[in-house]
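Taken straight from TrEMBL:
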type	residues	note
DOMAIN	197-352	domain 'O-antigen ligase-related'
TRANSMEM	12-28	transmembrane segment
TRANSMEM	62-79	transmembrane segment
TRANSMEM	91-109	transmembrane segment
TRANSMEM	116-138	transmembrane segment
TRANSMEM	158-178	transmembrane segment
TRANSMEM	190-207	transmembrane segment
TRANSMEM	213-229	transmembrane segment
TRANSMEM	234-254	transmembrane segment
TRANSMEM	336-356	transmembrane segment
TRANSMEM	389-407	transmembrane segment
């Protein structure tokens, strides 16, 4: 055991366990997600060369980006009104420090171990997505009625549909990327491609609006990169053609998809016509964005305080409620607006630094996993405040640390080992 510790295997296996628990927990159990950061910190402590790794952590810009978001919350305590919420947020957002710390200090995973974690994520998306499709098919009429009124078929493990849609979209692209890995044999390549395709099919059959939005946005970005960046006009043109052909065919072949499109259009029309929007989720988001825009003008530079966003939103709803009942006065549903309201221009700048700052590093900018993650999550956060629910927070922090913090560390080590 002592030899394993000295060789760093204990630290590495603990980090691997933390990653397995994190991925499995995202799809199945909150308890595993809560356990994952603790195991990760233990992995960092178990590194016999933790002191040397500490220097790398201090130079890891991706880790510091997340730490600055936590620092923003700490500073907002100087002017917060809701101390109980602030104290809860201080505890809830500790993974912004702990998870990046684990990936920066623990003995890093081997390439094969990282590949295995990616495969686990793709398999989780395909299996849970497939099982949820079976649930839909057992009673398609009732589920289509839910879709028509803006609701969704719940996943078999109870994952909130917005986050599940994002996870399915990520599984699509991760599956296709992992199938090209040198660690993937012929059978693994086939299974990974099938896993990605199953996740894409599940997204269309279940008609998860946010998942479809990020899926096609990432497809658009891929097409643009191929045409503009790589001058591969034929392949880029084919991808862009898919943006038209696939939705057109899906609209005509899948009742659930067609109902989602028609329901969304009717939802938006209700807001535009100043009708009752108490049962329309998209219109309620429009009302929330307008409300947030007004609240953001109260403290434009430092915001109203990260813990006080809900209180200030509800106060503004009292001035203009858009005909919404108190139970239907929703929160912002836009992570960018959320940071603008809570942290002002400074908060929004820090948030954009976290999302866009890594693109300034060539090693991360050339990493297709990083690009797809940032596009999917960055787009999803235009229509939802993903960090305000624990599963969305854990999904973002874990994958950001796994892909960006660990990726930057690997780049640092590779540069240091150059002759």
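Glycine is treated like the rest: Cβ placed from N, Cα and C.
Automatic, uncurated: that is what TrEMBL annotation is.
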(request) Using a Cβ-Cβ cut-off of under 8 Å, list the residues of the same chain that are 6+ residues beyond the ends of the transmembrane segment (213-229) and lie near it. (result) 165-166, 168-169, 172-173, 200, 203, 235-237, 239-240, 242-243, 247, 371-372, 375-377, 379-380, 383
(message) How about long-range neighbours of the transmembrane segment (190-207): same chain, 6 or more residues beyond its ends, C-beta under 8 Å?
(response) 119, 122-123, 125-126, 129-130, 132-133, 136, 147, 152-153, 161, 165, 168-169, 171-176, 178-179, 184, 215, 250, 254, 256-257, 259-260
(message) At a threshold of under 8 Å on Cβ distances, which of 158-178, 234-254, 336-356, 389-407 pairs most often with the transmembrane segment (62-79)?
(response) 336-356
(message) For the domain 'O-antigen ligase-related' (197-352), report the average pLDDT of the model, please.
(response) 96
(message) Applying the under-8 angstroms CB criterion, which one of 116-138, 158-178, 234-254 scores highest with the transmembrane segment (12-28)?
(response) 116-138
(message) Using a threshold of three or more Cβ pairs below 8 Å, and leaving out pairs closer than 6 in sequence, do the transmembrane segment (389-407) and the transmembrane segment (158-178) count as in contact?
(response) yes
